[in-house]
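See below for the structure under consideration.
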Amino acid sequence: MIKHRQARFKWSMLCLFGLLLLSCVLSLNLGAVAIAPKEVFQTVLGNGSARQELILFQFRLPAIVLAIMVGAGMAISGSILQGITRNELADPGILGINAGSGLAVVIYITFFQTAVGGLTLAGTFILPIFAFLGALLTGALIMVLSWRKGIHSSRLILVGIGINAGLSAFIIALQLRLEPNDFVKAMVWLSGDLWASQWQYVWALLPWFIILSIFALLKAHTLNIMNLGSQMATALGIRSLRQRVILLIIAVALAGLGVAAGGGIAFLGLIAPHIARRLVGPKHQLLLPVASLMGAIIVVLADTIGKNALSPTEIPAGLVVAIVSVPYFLVLLMKSK
Amino acid sequence: MTTLSAERLTIGYEERTIVQDLDLDFIPGQITAIIGPNGCGKSTILKTMARLHTATSGSIYLDGKMIHQTPAKEVAKKLAILPQAPEAPDGLTVYELISYGRTPHQSGFSLLKKHDREMIEWAMNVTGLTDLQNQAVDTLSGGQRQRAWIAMSIAQETDLLMLDEPTTYLDLAHQLEVLQLLERINQEDGRTIIMVIHDLNQASRFAHQLVALKNGKIVKQGSAEQVMDPVVLKQVFNIDTEIVADPRTGKPAMISYDLIK
């Protein structure tokens with residue numbers, strides 16, 4: 001079955017890749033202005049009208065690239081967190097990393113922004129940086145608080161859940177002081193809206209995402225061994241504490257990037273690795289690529305559905321993910337032993 | 001042959017000292033069984049000597065070099081340890097698990113080379129798991145699962161193999177199966193085996209050397225004949241024992257015992 005599993009991996013990758021392409025085409029042709037698949041292809045080949053080109057290349061394509069990046073990043077982040085904690089319920093949302101990032105954003109909106117004018121040009125660039133720093137600070141806080149002669153998995157999760165609750169309370173306290181307009185903006189951000197769908201953001205975030213993902217893939221085998229527990233990891237010559245800190249930093253940074261670009265998309269880091277594990281098993285060389293494709297598909301579809309289902313009202317992608325994944329999650333919990 | 005020894009080893013958890021000033025030496029190429037009552041520190045000593053637990057003071061020498069000053073990977077090429085009741089993630093196959101044993105020999109992206117695959121094949125063969133290689137570890141029976149973990153540890157290709165209660169939770173036949181497997185690895189492959197074990201008769205039958213511990217101190221170290229002695233066992237377990245020569249193996253065996261009031 002090693003061969004079998006390799007084959008399964010190849011098939012999964014192929015199918016998921018096809019599915020991702022299909023979602024992208026769907027996302028490209030749906031919207032306030034519908035562009036038929038045939039026209040999409042013609043435009044991609046350079047035969048579209050100026051208006052079609054504008055809509056496809058300046059509005060919809062960056063949104064898709066961003067959705068793929070956020071989805072894949074969150075999925076990898078969740079896979080890593082689940083691997084090092086040996087707990088399939090760990091994900092950046094549950095550990096409070098998304099909340100930390102969200103709090104940074106709300107603080108920014110509350111204290112540094114003029115209420116009426118909305119986000120200034122400088123503001124649009126500083127906002128993701130705030131979100132990213134918020135995630136990193138929260139990650140550091142979780143590490144420091146769960147440190148007791150090393151980092152123990154269950155302690156890490158409990159501290160994370162505590163921090164999540166604390167930060168969420170903070171966010172609400174701050175939000176209540178906001179002007180109605182800003183309140184709505186903060187709310188939409190927090191529920192996971194892919195707002196940064198312009199090429200400038202994509203170019204700012206994409207290099208980091210690529211570097212971190214490659215780094216995560218290089219650490220796949222270390223994750224496999226950490227998954228056997230810290231004693232077994234030491235027995236096999238892996239310096240588990242050091243590796244755990246490195247992997248935690250990668251996971252937090254990827255989540256931070258995701259939140260910076262798309263707000264806190266809950267459950268994604270949990271669901272995507274879960275489905276991937278059912279497809280190709282727990283070996284991270286296979287799991288990480290499949291999970292990241294899975295995550296990308298989920299966000300692209302969620303974004304498309306969110307933009308079109310109740311058109312002209314747009315639902316944040318994060319809410320769509322939550323609506324779809326909560327039932328899946330509950331079924332999973334009921335089925336598990 | 002790799003040697004392992006401890007000098008003036010003191011080990012404790014938090015405030016409680018479990019072992020004080022222990023000197024311990026293992027004979028290379030032999031099977032050593034560590035016996036003793038619950039809480040005497042046998043597992044703690046095993047784990048500490050395999051650097052899974054840090055000693056309060058004292059030194060551990062692997063091939064004459066301090067184990068904590070040797071790179072983690074170098075240690076893992078010489079010494080394999082199987083802790084008690086390890087857990088594999090759901091869905092991990094037997095082959096995948098065994099292949100993880102090659103970790104210290106691999107570099108970078110962890111691709112399996114020809115020699116790695118040969119060692120995995122050998123480990124599967126010796127443990128009789130070849131037919132089960134594509135099954136998920138969590139679907140195996142207790143005995144099969146323990147064999148899979150042992151296969152992973154022997155695929156690590158180390159001179160020294162340490163096991164913490166490798167027969168716990170297994171029924172009699174499976175206990176014997178595991179011990180015979182270890183005996184075979186020791187005889188055919190010349191590996192040094194050090195294990196913590198509860199059953200005195202099994203220790204006597206399979207080990208060349210027994211270490212009897214009480215309260216973190218060695219009461220007696222030597223052959224089965226020297227350690228399976230009513231005086232020693234009284235001191236270690238506080239029991240009154242009846243020892244005879246096992247009619248099948250000739251080794252000392254305990255046929256009955258009573259608590260000493």
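Each Cβ is built from the backbone N, Cα and C atoms, and glycine gets one as well.
Heads up, TrEMBL stuff is auto-annotated, nobody curated it.
Per TrEMBL, the features are as follows:
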TRANSMEM  A:55-81  transmembrane segment
TRANSMEM  A:93-113  transmembrane segment
TRANSMEM  A:125-144  transmembrane segment
TRANSMEM  A:156-178  transmembrane segment
TRANSMEM  A:198-218  transmembrane segment
TRANSMEM  A:245-272  transmembrane segment
TRANSMEM  A:284-303  transmembrane segment
TRANSMEM  A:315-334  transmembrane segment
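Residues 85, 87, 89-90, 93-97, 99-100, 102-103, 106-107, 109-110, 138, 141-143, 145-146, 186-187, 190 of the same chain sit 6 or more residues outside the transmembrane segment (A:156-178) yet have a Cβ under 8 Å from a Cβ within it.
Across A:93-113, A:198-218, A:284-303, the stretch most heavily in contact with the transmembrane segment (A:55-81), judged by Cβ pairs under 8 Å, is A:284-303. Listed stretches A:125-144, A:198-218, A:245-272, A:284-303 were compared with the transmembrane segment (A:93-113); the greatest number of C-beta pairs under 8 angstroms is found for A:125-144. For the transmembrane segment (A:284-303), the list of distant contacts is 5, 9, 12-13, 16-17, 19-20, 23-24, 26-27, 63-64, 67-76, 78-79, 83, 194, 213, 216-217, 220-221, 223-224, 227, 262, 265, 268-269, 271-273, 275-277, 317-318, 320-321, 324-325: same-chain residues at least six beyond its ends, Cβ to Cβ under 8 Å.
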